[in-house]
Structure formats: C-alpha cells, structure tokens
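Positions annotated as active site, nucleophile by Swiss-Prot, on the basis of sequence analysis: Cys87. The active site annotation in Swiss-Prot covers His204, Glu206 and is backed by sequence analysis. Annotation comment: Swiss-Prot describes 3-233 as domain 'Glutamine amidotransferase type-1', evidence class sequence analysis.
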Amino acid sequence: MKSAVLVFPGINRERDMARALKLVSGNDAAMVWHAETELPKGTDLVVVPGGFSYGDYLRCGAIAARAPVMDAVRKFAADGGLVLGVCNGFQILCESGLLPGVLMRNARLKFICRDVHLRVERNDTPFTQGYKAGQVIKVPVAHGEGNYEADEDTVKRLEGDGRVLYRYCSPEGEVGESHNINGAAASIAGIVSERGNVLGMMPHPENHVEDIMGCTDGRGLFAGLAQHLAKAA
C-alpha cells in the first residue's frame, strides 16, 4: 500500500495518520505539501488528515479545498483512486465537492473530545471490509464542527444507496438521539462517494490502532484498505 498523506498549514494529525498507515502496511507514507500539483507516482491511497487547516477561517476546510494539491486529488478520485478524509479531512472533501453535504457546528455548540461508538453499516467496501457488518467499534472524536448536514433528498439518497458506512450508536449498537453526539443527520459519522472510493468520517480511527492506547478498533479500517489494495495489485 503506497499512501500519500496531505499536509496543510494548521493540520496536526498527519503524523498520527502516517504512523497508523505504517503500522498496518509496513510502508512509510509520503507526506505531500498542499502546494504540490501532483501526487507521488504509484500512489494508491490518499489521506486527508485532521486538524485545523488554515485555522478554520471562512469555514472548516474551505481554504484547503482550494489548494493546488486538491486538483490532483480530484483527478485521482475521478480515476477511481481511494481517498480517505478524517475530521478536518472530511470537511475538506465536502468543500471540494468530492462528497455531498457540509459539517456544521455541533448541536450543543461545544467541542467534543472523547471516545464514541460507531456501528459499521456494511462491510463490502474497501473502507469497511476489515470489520463485520453491524459491528460496533470504539474510536475517538475531537471536533467542534462535526454535525453532518445535507438536504433531505441527499440524506435519503445516501441511505438508499448504502453510502452511510459509519453511524454513531450506543455500545450495544442502538442508534438514536441520545447516542448522536453532535446532532448529525441520521447519526451519520462517515459516508462514501457514489463510486465508493472516497470516504469521509469525523472520528479518528488512526488513534486506536495500538495496544498502548487501550483499544485497537481503528485498525480494521486500515487493515481492510491494505487487504483490498493487495488484492488489486
């Protein structure tokens, strides 16, 4: 698996992401500066990590979405390449037009930093094949604007097409208002593009890949990607 991790001013999770990718794949990720106009040759996974790109000015991800490197990412995605956006990366993908909807202020207007539970809605995608369908995993969140919103038709289309891959839930897998940490429409924590090759999610799976962290539930996402790409090679 040859990964490229994008780096924007204000991003602060790129090293965490690169470490997770190496732990699972055994390969170093290329760190790609936002001013680059091309991705490294042979890249088969692009990751847009979390943080506060450009200080979250204008809107979260709005400035980063217009960086030169994002033209290369859009082309990469159009050609079928796998793209993963986490937290601020999810916001950037939405602002870039690679995913529908927008991430708004959390419903209670407070920054949330804690572990949450997610239900894996399906496991027949590159981003979920490391889990079982319906499996509940625990991963951290750290965001102030993670409230996913889209118009009613878009949400219905996402649901109908099976494009909601991760959903906030209880430890037992129950979905409801009391388990929806940020007010996201339909308890959405992660969605995939129409072609299924671009995933955006607010939680941070890269922070739960090592035993020392007390939980390795995030490892399945990266292991599934590595398995998928190994088969495709």
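Think of each number as a place in line: the chain as shown, counted from 1.
Glycine is no exception: its Cβ is also placed from the backbone N, Cα and C atoms.
Here the features listed in Swiss-Prot are placed on the structure.
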residue	record	Cβ neighbours (10 Å)
Cys87	active site, nucleophile	29
His204	active site	22
Glu206	active site	30
Between the Cα atoms of Glu206 (active site) and Cys87 (active site, nucleophile), what distance do you get, rounded to the nearest Å? 11
What's the CA to CA span in angstrom from His204 (active site) over to Cys87 (active site, nucleophile)? 7
Express the predicted model's confidence over the domain 'Glutamine amidotransferase type-1' (3-233) as a mean pLDDT, rounded to an integer. 98
